[in-house]
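Just below is one structure, and these are the notes that go with it.
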Amino acid sequence: MSAPEPKITPELIASHGLKPDEYQRILDLIGREPTFTELGIFSAMWNEHCSYKSSRIHLKGLPTKAPWVLQGPGENAGVIDIGDNQAVVFKMESHNHPSYIEPYQGATTGVGGILRDVFTMGARPIACLNALSFGDPSHPKTRHLVSGVVAGVGGYGNSFGVPTVGGQTRFHTRYDGNILVNAMAVGLADADKIFLAAASGVGMPIVYLGSKTGRDGMGGATMASAEFDEGSDEKRPTVQVGDPFAEKLLLEACLEIMAKDCVIAIQDMGAAGLTCSAVEMGAKGDLGVELDLDAVPTRETGMTAYEMMLSESQERMLMVLKPEKEKEAEEIFKKWGLDFAIVGYTTPTKRFVVKHGGQVKADLPIKELGDEAPLYDRPWVESERLPVIHARDINAPMGAAEALEKLLATPDLCSKRWVWEQYDHVIGGNTVQRPGGDAAVVRIEDGPKGLALTVDVTPRYCEADPFEGGKQAVAEAYRNITAVGGKPLAITDNLNFGNPERPEIMGQLVGCLKGISEACIALDSPIVSGNVSLYNETSGRGILPTPSIGGVGVLDDFTKSATLAFKAEGEAILLIGETKGWLGQSVYLREICGREEGAPPPVDLAVEKRHGDVVRGMIHAGTATAVHDVSDGGLLVAIAEMAIAGNIGASLDAPPGETVSHAWWFGEDQARYVVTVKEADLLAVKTKLKTIGVPCTQIGVTGGHALKIEGERTVDLKALRHAHEHWLPDYMGGKN
């Protein structure tokens with residue numbers, strides 16, 4: 001005999017993340033008090049994580065279409081056509097709240113979830129990336145969180161067998177109580193064999209595949225839609241537990257079953273587990289779904305309908321199967337040692353019916369649960385415009401050489417080798433460019449084509465000016481892909497913000513989205529997938545607005561990709577782009593001058609596109625021997641990174657006479673690249689750039705084992721490398 005269900009009280013409703021007006025909407029919708037299981041289902045489907053109820057109205061303005069886009073937002077992942085019947089499937093998603101509570105398992109299941117999103121579409125994953133944001137290094141939890149998250153990302157990806165090829169890691173006190181773990185996965189599929197989530201046909205069997213259901217992850221989606229408080233550590237049981245080896249089996253079984261033409265629709269069980277996957281399949285197909293939970297494979301005894309519907313146990317799929325393929329599909333899954341159970345059928349009723357122990361535990365309208373969930377147009381206010389800081393009003397406390405050494409040893413600009421060396425970035429044998437450059441390059445099967453992959457955002461810009469910050473995030477991803485020779489094609493986004501019920505936070509989201517949209521249109525890079533993570537606050541203190549951008553580009557010939565390392569001595573160093581010496585919101589201003597203020601650098605998207613086209617053309621023509629975009633830290637940091645990577649020094653000219661020296665070296669003006677050119681090609685390159693009106697300044701020549709800056713002291717490469725490489729290992733070892 002089953003235990004009596006809890007009485008529905010205001011406290012129980014609030015604990016499920018539902019507001020009083022939302023509960024009233026439920027009463028009006030179904031005409032009665034919901035059962036406990038139904039309350040849990042509404043809680044899961046109407047939270048921010050699943051319904052996007054605060055952001056959906058603004059997401060509609062994003063550009064999502066292009067001739068090469070096969071599938072835009074709304075499915076498990078986006079899909080773009082790269083020719084030769086090849087498609088790239090990719091998406092980025094957050095696992096922020098779980099990773100703060102239990103960093104290892106939170107990170108592992110973040111990676112596992114995004115991999116499932118990709119192979120659910122019929123693609124074999126070929127690469128992962130990530131964007132990690134941690135609190136101030138001096139915070140007592142930061143070192144523990146870094147260690148756990150990095151180990152979790154590496155542990156899952158390495159075991160599953162997909163290379164982690166790139167990413168971004170930052171530190172700021174605003175992430176002290178809410179770290180961000182954004183995971184991106186990229187896969188390859190046949191362009192004519194993409195699998196979607198919408199069910200079709202009445203009476204079709206709904207099949208549960210993969211691992212058994214347990215009580216881990218209970219309420220995970222609801223937790224991800226609420227602020228943290230001092231009792232957040234008590235939510236540890238809501239963090240899922242991942243098994244990469246089971247996921248690898250699930251991948252192979254799914255791809256095999258897809259190749260046998262058994263599948264009508266497929267959906268992974270991610271946030272809200274069985275509830276969300278079943279509702280989405282039915283709602284997208286304008287069908288009803290009836291589930292019999294007695295058939296669900298479980299690994300714990302006595303599980304209730306509520307627990308089974310809201311469990312977020314990992315490595316599970318839901319599939320609508322062609323009836324005549326049932327036996328064949330079951331044999332495939334049994335061969336891989338995975339559970340296969342028919343747990344329901346599609347119906348014509350457009351109702352979501354859940355049965356357990358011979359009783360109906362839920363009977364709800366499926367469309368209102370899914371794609372007709374509540375939609376809010378929350379009030380928002382535009383962020384205050386910050387004043388422009390003029391370079392001449394900023395005193396340089398030290399020389400450029402000393403500032404460079406200090407900057408290279410700061411948490412944000414230091415080498416992240418300690419992080420990415422814990423990831424297997426070459427498994428599969430297709431990684432052409434490893435982490436540490438502007439973008440990763442991955443070979444596509446046995447042909448000449450390659451993919452350029454990157455993740456980027458500058459949160460301090462987004463806080464200072466959300467519109468410009470949103471533009472810059474897309475432009476930076478565009479530059480990263482361009483700098484290796486790739487043609488940018490599309491992006492995925494992961495929008496991490498604070499509490500949307502505060503108008504100033506909602507204003508940040510709206511502003512960033514406007515900037516992202518404008519940049520995507522100007523740079524011809526539609527958004528094909530994404531994720532929104534709100535309520536990233538602890539005790540009322542929000543994170544920096546962090547709209548992570550994952551970019552994908554294609555190279556027709558990966559052997560002609562560029563890297564940032566200096567290649568030879570005696571090559572000319574060119575700066576492409578205009579330098580006005582913009583120090584507002586720069587790393588130099590923060591780390592050297594101790595000030596976080598001012599307007600961020602403006603982004604001229606037409607200039608970004610023009611300069612990107614020029615640099616890409618130089619790479620393809622073979623005239624650019626090394627390329628690096630100028631971003632955090634400015635020009636001198638970019639040159640130092642190129643010198644360290646190539647183990648070749650440089651002699652640099654003094655800044656132009658009219659320029660403030662520290663603004664020339666450390667300003668973060670946009671749309672700039674450092675390019676090296678052989679002496680034999682120099683005149684032709686400079687002549688061509690002058691003819692087409694692209695600013696180009698020769699700033700030095702490669703050579704030697706030091707950076708020699710005219711008017712400054714010489715800095716040995718060994719000293720620069722030590723500064724760059726040692727901060728993070730020393731920090732993680734407790735030495736600083």
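Using N, Cα and C of the backbone, Cβ positions are placed for all residues, glycine too.
Per Swiss-Prot, active site is recorded for His49. According to DSSP, His49 (active site) is assigned to a helical segment.
The DSSP secondary structure for His95 (active site, proton acceptor) is coil. Feature annotation from Swiss-Prot assigns active site, proton acceptor to His95; the stated evidence is sequence analysis.
All protein chains included, Lys91 (ATP binding site) registers 28 other Cβ atoms within 10 Å of its own Cβ. Positions annotated as ATP binding site by Swiss-Prot, on the basis of sequence analysis: Tyr52, Lys91, Asp493, Gly530.
Taken from Swiss-Prot, the feature Mg(2+) 1 binding site applies to Glu93, Asn531.
Feature annotation from Swiss-Prot assigns substrate binding site to Ser94, His95, Asn96, His97, Arg116, Gln240, Glu312, Ser313, Gln314, Ser533; the stated evidence is sequence analysis.
The number of other Cβ atoms within 10 Å of the Cβ belonging to Asp268 (Mg(2+) 2 binding site), over all protein chains shown, comes to 30. Feature annotation from Swiss-Prot assigns Mg(2+) 2 binding site to Asp117, Asp268; the stated evidence is sequence analysis.
Cα-Cα distance from Arg116 (substrate binding site) to Tyr52 (ATP binding site): 20 Å (rounded to the nearest whole number). Across the recorded positions listed here (His49, His95, Arg116), the residue whose Cβ sits among the most other Cβ atoms within 10 Å is His95.
Same-chain residues that are not part of Tyr52, Lys91, Asp493, Gly530 yet have a Cβ within 8 Å of the Cβ center of the ATP site turn out to be Leu59, Pro73, Met92, Glu93, Thr492, Asn494, Leu495, Ile527, Ser529, Asn531, Val532. Checking each of the recorded positions (His49, Glu93, His95, Asp117, Asp268) against Gly530 (ATP binding site), the C-alpha distance stays within 10 Å for Glu93.
Looking at Asp117, Glu312, the binding-site residues in this record, the fewest other C-beta atoms within 10 angstroms of the C-beta turn up around Asp117. Geometry remark: Asn96 (substrate binding site) versus Asn531 (Mg(2+) 1 binding site), CA distance 12 Å.
Only Asn531, of the binding-site residues Tyr52, Asp117, Asp268, Asn531, have a C-alpha within 10 angstroms of the C-alpha of Ser94 (substrate binding site).
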